[in-house]
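Participant: Sharing the features that TrEMBL gives for it:
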- 19-103: domain 'Cytochrome b5 heme-binding' (DOMAIN)
- 132-153: transmembrane segment (TRANSMEM)
- 159-179: transmembrane segment (TRANSMEM)
- 274-296: transmembrane segment (TRANSMEM)
- 316-335: transmembrane segment (TRANSMEM)
Amino acid sequence: MKAAERRGQQHPAMEGAGPRRFTWAEVGLRTGRGPESSPSQERWLVIDRKVYDISRFCRRHPGGARVISHYAGQDATDPFIAFHLDKALVRKYMSPLLIGELAPDQPSFEPSKNKRLVEDFRELRATVEKMGLLNPNCAFFILYLCHILLLDVAAWLNIWYFGSSVVPFLFSAVLLGIVQAQAGWLQHDFGHLSVFSKSKWNHWVHKFVIGHLKGAPASWWNHLHFQHHAKPNCFRKDPDVNMHPLFFALGKTLSVELGVKKKKFMPYNHQHKYFFIIGPPALVPLYFQWYIFYFVVQRKQWVDLAWMLTFYIRFFLTYLPLLEVKGVLGLFLLVRFIESNWFVWVTQMNHIPMHIDYDKNVDWFSTQLQATCNVHHSLFNDWFSGHLNFQIEHHLFPTMPRHNYWKVAPLVKSLCAKHGIEYQCKPLLTAFADIVHSLKDSGELWLDAYLHK
């Protein structure tokens, strides 16, 4: 009885004979970003017309407080469906958060969104499920893991057999760089729950791959990456664009805004040049490498720390007898340098050249299409990018196993054509060049606004 009273006090909207009815205007106020003691301090969201108060729950949300809070005041039906495997189980845990539903005269999502496009995408999602495109082929991922482990062993055997002279040393560094890059794409699969049907199985193996094979924490990846998927290229919501404005001016709108405000943290008109210094070569060895330890200690993620330490202990114990301390440190830094260049070019080619702005709360399909582009399908491109050359399909269906991206791509193209939405797909080298071109363009826009507006 007391528990029921507490629930009633926490959610007065449920008092009375039936569920309370809300308008989108009321929901839209509850973003969690207003003054204290105002309705906007609350966080509400809508899933399948049901209104949930996540004000307190967001801190306990398994995916992190920020990713769910990014949809406060908005319809979250499509991201809810996209991110969760066992939706019935999740809804069961959400039931205490339910405070009412949309009034009968209210549309199922914000009136500002394209009704026909939302409905068409949901039909596409149903088609994808019926075609079995969300079902993984475990053999694919087992073989993928085996090729990573074989390369890892080959790198050690190469130095053990041929010695530590320059050529075998560099060759092993390249092999280990491949291992790190490919393990990065594989942990991405498990992190997105796209390998096993049970979430917990994906989480367990994810900790092994990212922790033991790469020396990074799963909790750190989850914290950042799901925010990126929820609101890609949305400033202040997508952590991947947090390099604006401290290091880079990104996107046309944000760059002009920065210039108009006369803000200059870097010489942005030269950012397409210094990108080659502080971007691909430096991100992993000079930033990620130390920040991941700060992250797990600060958040007390001791299980992740234990998994990470197994990687560093294994690496140093296996190579120390062959290379001594200086050689092992040199090999480690060289591997991180190779991995960093690979990682940055592949991950940024799909996003940096695309639309970057504040969150405008558009529909799920448009949100992903305006922030992502594809790179041509080929055996090499698929392997080199971990199938992230199908970035559009991956963002629309984040739990889809990557070996099915090419199958759904024609359906996505067809939906884009129907609604006049551009579906960008380009050669690999063009995608790389577009990163530099877009940085140059936004830097020039910033300079013009800084000097003349």
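Placement of Cβ uses the backbone N, Cα and C atoms for every residue, glycine included.
Whatever TrEMBL says is automated annotation, not expert-curated.
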Participant: I'd like the per-state residue tally for the domain 'Cytochrome b5 heme-binding' (19-103) from DSSP, helix first, then strand, then coil.
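Facilitator: The composition, in the requested order, is 36 helix, 19 strand, 30 coil.
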Participant: Compare 132-153, 274-296, 316-335 by their Cβ pairs under 8 Å to the transmembrane segment (159-179) and return the stretch that comes out on top.
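Facilitator: Top-ranked stretch among 132-153, 274-296, 316-335: 316-335.
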Participant: So which residues does the transmembrane segment (132-153) touch in its own chain, when a touch means Cβ under 8 Å and the partner is 6 or more beyond its ends?
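Facilitator: For the transmembrane segment (132-153), the sequence-distant neighbours (Cβ-Cβ under 8 Å, at least 6 residues beyond its ends) are 175-176, 178-179, 182-183, 186, 189, 194-197, 209, 213, 397, 399-401, 403-404, 407-408.
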Participant: Given the model, what does the mean pLDDT over the domain 'Cytochrome b5 heme-binding' (19-103) come out as?
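Facilitator: A mean pLDDT of 92 is what the predicted model shows over the domain 'Cytochrome b5 heme-binding' (19-103).
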